[in-house]
Amino acid sequence: MVRKVKLAVFASGTGTNFQALNDAILQRNLNAEIVRLIVDKSTAGALNLAKLFGIPATAIKYSNYETKIEAEQVIINQLETDQVDGILLAGYMRILTPKLIDAYSGKIINLHPAMLPKFPGRHSILDAFEAGVPETGVTVHFVDNGIDTGEIIAQEAVPILVNDTIDLLETRIHNVEHVLYPNTLAKLIDEGVFLK
């Protein structure tokens with residue numbers, strides 16, 4: 001049998017997608033394990049989940065380093081120590097430098113709450129809501145050196161309803177994320193993407 005894929009999850013917030021990914025790995029018996037959580041804030045709720053799941057976690061405070069590249073070198077060193085095969089960005093609110101992207105080229109996956117290439121960037125749910133479009137959605141894509149420009153792996157549309165509020169739309173988008181991201185991860189593991 002092929003060895004388990006070792007994954008790191010990067011998060012900045014509550015960690016709901018981190019939880020969805022970890023649950024999928026355990027419940028579906030996926031040939032993978034999350035061996036490290038990386039957060040950029042010591043207050044990230046994802047840290048509490050990592051403790052609950054028994055997954056080692058590292059909080060990187062970028063302001064402690066002279067440059068972003070120095071901070072990312074610390075991350076790369078940790079990932080190498082953990083023998084990480086791939087990175088799953090799950091609400092990580094930082095743009096990665098080419099140094100980290102090149103170190104894991106073709107093995108960094110991001111979840112974006114819009115139907116890329118429409119509404120890239122940090123405020124995509126609000127941007128779509130305010131644009132008055134009939135639908136938005138969720139995209140899982142490879143990370144490249146652009147912002148939300150990597151090759152699209154999977155997408156699912158989410159309608160914007162007539163009486164929607166931003167909160168209702170955001171909840172529906174998160175519900176889709178919690179299914180689409182784990183399903184896409186399972187497909188990528190089956191295809192051997194992280195072990196190439």
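From the backbone N, Cα and C atoms, a Cβ is placed for every residue, glycine too.
TrEMBL annotations: computationally assigned, not manually curated.
Binding of (6R)-10-formyltetrahydrofolate is attributed by TrEMBL to Met93, Arg94, Ile95, Leu96, Asn110, and the same site annotation extends, among Lys61, Lys68, to Lys68. Comparing C-alpha positions, Ile95 ((6R)-10-formyltetrahydrofolate binding site) sits nearest to Asp148 among the recorded positions Gly15, Thr16, Asn17, His112, Asp148. Nearest in space to Thr16 (N(1)-(5-phospho-beta-D-ribosyl)glycinamide binding site), taking C-alpha to C-alpha distance over the binding-site residues Lys68, Met93, Leu96, is Met93.
Averaged across the domain 'Formyl transferase N-terminal' (6-185), pLDDT in this predicted model comes to 96. The recorded positions listed here (Arg94, Leu96, Asp148) include Asp148 as those with a Cα within 10 A of the Cα of His112 (active site, proton donor).
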